[in-house]
Structure formats: structure tokens, C-alpha cells
């Protein structure tokens, strides 16, 4: 499973700066559901060999009153979901009572944590960090999040234990060939016969299907309808999430593993705050799945959170199927309005199949699995270099690449670079100069030619320009003398 890192600290210590550097974006999945604080952000991160989920926990001011407030409870809930906590302090401001209070709280929950002294750029880092030894920590890490100094070493130290644990657990397990990364060209260059054999082998593996969506859109009802039993307890209240539930099942001779993110969280006391939605569990489910089934409530407008979840699935490269639930009983005018809204807001995933269903009554549920299988097939089908290169040639014949500084961009050949999602690597000259419009043209051409449906496709470009272009060889002394003799001989002959 993907490890989760929580950034904790009082305001203005640089949590958001570090969050943005780790996720390489200023756009975050913000938990703005009822019951969750707006300043709690989630994002995908990859640094070196580590892939992880990072949470920017807001709302903790370190005071005793603050830690006990309902707003702070949500941030503390995020800490409970994390595998490791990075406790951030400001090296320029020094140790504050808030830092001490937060440290005391972290010590009580016994969560693996690391003290991170931020903003040490341009100052004596050791002197600035000296006061923080009072917190009783074993190790202290100095970084400058704004410039990236020390961030890589920090993440290595934080996540290496998890990487080693995952590597140990992976020993002896069956290799999962549905996810490729950085494979060399020879392994990915399949003949038609090899591609067919590999495809058949993958079809024997269970499809991991994650059912995700906002609270109370009908995820558990849909799961129960699929399973044909009350396997998951359902309450008629927004969100009863606790842990994702992995449920093996078989349908029409095909094995699946359903990853249901809508489990049960029982309340100990009637007035206890129920966590409305576990973003971390949802993001972990997406990372672990082959196909993501996003459930949308037809009776509510598409929210930014729906789009954020969809964007996360896209960034993870997962195949996508959309289920618009609670379709039964809607007036014709309302249905038309919903369809127009879907077209307007979901145009960026026009490759995904949309199903209008009623999980409660079972209408349209059976057809979901046709799209799930189609998406999985598209994501895992092997294609040889010859086929990909031929499609590339057809695309360039239909629409030539543009001129760059008077020279035509030349595309030479293409090969597979990975699967789930399908990745096509195109080699050529000046490919880095290709405009985005032409890149989209190539992506759509490949999608249409390969009949890829339900999964994103990625095009990567590798420049193979002549490394000696614009350079001249420096002649040796003997070559210079020989050149002069030849020039002299040519001159004498003309005379």
C-alpha cells in the first residue's frame, strides 16, 4: 500500500510550501465535505523512488484549547490515518509554546514522527535548531522547503523503512505485470503472438475495482447490489467510512476484487462527531486498483470534489468508469439537464463510459461490468513496436508535424513504454518543440486507431537529435599540415 505522510505544525511554519514542493503543484485535493476542515489538503507525491500520499493538516494551533476543538479533531484524525508524521517548526522564529504543546500531543499518540526545522536557509542552521532539542527528540532534520534543500534526504529517511517493508513482503509473491515502470524497449517489443499470449494471461488475473465517490452517493448500496447480499452495512446518513473493504467476487466467469471505500464507522456516543469521509482510504484504494468506478449522485450537481477525485484517478493512470446513480424517478427535463451538465464538466474524460443506474433497484448495474472489462482490456493489451510505429506514420501522413525554426519536426519510430495506463514513447528530432495541440492530435489518433476506451493514454517523447549537429571536429597538428599541403597542391595545379 502507498504510505501516507502527514505534515503537522502551527500556522506559518512552511507546511503548505513543503506540500507544494512534494506534490509539484499548487492544486490539491481539498477535503471540503461536511464535517471536514477546508484547510486539510491531500495530494500525490513522488520523490526519487518513493511514491506516497501527503496531507497538509491545518487547524492545529498547539494550545490546549485548540487541540480540543472540533476543528482540530479533523486534523488529528488525519494524523491517525498517516504512517509517519513530519512535525514542522520554524527555525527563524525559534521554539514557541505552541510547538511544545503539539510535541506533547504527538508523544501521546505514539505515531512515528520526525522533527523538521524549516527555514534554515541563509542562517546558522545548527544555532537556529539548538532550542528545539528541548522537545526531547532523538533526531532533527533541517530543511529549506522553499528551495528544496534537505527535502530529498528527509523523505528518504522517513519512507525507507516502508520501502524495505514492502520489498520484503513482495518476495515470493506473484509478479503483477499490469503495472510497468521504466521497462526497457526489448521487454516491451512484443510480436503479435506474444502480445496475444500475454493478454490472455492477464485476463486470468482478478481485476481490482475501486468504488469511490462522495458521501451518500450510494457506494455501499451499489456494492450490495453487485454482491447480491447485505455484505456492507448501510446507514442513511452522509458517510460512514472507516476502512476500505476488499471483497473477492466472480461475475460471468471473471474474477474481481471489489475495493469498497464506504465501510462502517460506529459512534461510541450519540453526540460524537462521525468522520464523514476518509480521503486517505479513497486515495489508497485508487492507487491499489486497476479500474476506478466513480459514483455520482444524479440528484446533486457535480461538485468540485467529484472532479478532484476524478483528477486523482487520472493522475494515477487508472481506467475509469462513471456511474450516475439515483437515476430512477427523475423527470425527463431533469435528466436532460443532468446530461448537459455532465457533457459540460466532464469533457476532459470523454474516453470514459457513463452509465445511468439505480443501485437501489438494480437498473443498469449489470452493464457496468461490460465497461469495466473493456477499460481493463484497453489498459493491459500489449502492442508491438511495428504496430505503434505504423500508426505514427499514418498520423504524420494525415497531418504533418509543424515547422520549428524552418525545420520540420521528424518523428522516427514509436514503442510501448508501459501499461495501465498505456504509454507510447515516440522518438524523433526536435520533439520537445512540438506544440500541445499536435501532441493531443497524436494521442487522439492512437486512441482511435487502437480502439482504446475507458483508460487514459499517455504519449512520451524522446529526442534523438544528432549530438554532433553544429559542432566541428578539431584537427590534429598532422592533419593541419596535411590539409595545408593539399591546399597548396590544388593551388599550384590551377596555376
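Just so you know, glycine gets a Cβ as well, placed from its N, Cα and C.
Record features (TrEMBL):
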- 3-166: domain 'EngA-type G' (DOMAIN)
- 9-16, 56-60, 118-121: GTP 1 binding site (BINDING)
- 207-380: domain 'EngA-type G' (DOMAIN)
- 213-220, 260-264, 325-328: GTP 2 binding site (BINDING)
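Annotated features, which come from TrEMBL, shown on the structure.
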residue: 9; record: GTP 1 binding site; DSSP (3 states): coil
residue: 15; record: GTP 1 binding site; DSSP (3 states): helix
residue: 57; record: GTP 1 binding site; DSSP (3 states): coil
residue: 120; record: GTP 1 binding site; DSSP (3 states): coil
residue: 213; record: GTP 2 binding site; DSSP (3 states): strand
residue: 219; record: GTP 2 binding site; DSSP (3 states): helix
residue: 261; record: GTP 2 binding site; DSSP (3 states): coil
residue: 327; record: GTP 2 binding site; DSSP (3 states): coil
Cβ contacts of residue 12 (GTP 1 binding site) (under 8 Å, same chain, 6 or more positions away): 90
Residue among binding-site residues 9, 15, 57, 120 with Cα closest to the Cα of residue 216 (GTP 2 binding site): 57
Distance [Cα-Cα, Å, rounded] between residue 9 (GTP 1 binding site) and residue 327 (GTP 2 binding site): 45
Nearest-integer angstrom distance between the alpha carbons (Cα) of residue 219 (GTP 2 binding site) and residue 57 (GTP 1 binding site): 27
For residue 327 (GTP 2 binding site), nearby residues of its own chain (Cβ under 8 Å, 6 or more apart in sequence): 298, 335, 356, 357, 358, 363, 364
List of residues, in chain order, with Cβ under 8 A from that of residue 213 (GTP 2 binding site) and at least 6 apart: 219, 294, 295, 296, 297, 306, 309
By Cα-Cα distance, the member of binding-site residues 15, 57, 120 nearest residue 261 (GTP 2 binding site): 57
Rounded mean pLDDT for the residues that make up the domain 'EngA-type G' (3-166): 79
Most crowded position, judged by CB atoms within 10 A, among 216, 261 as binding-site residues: 261
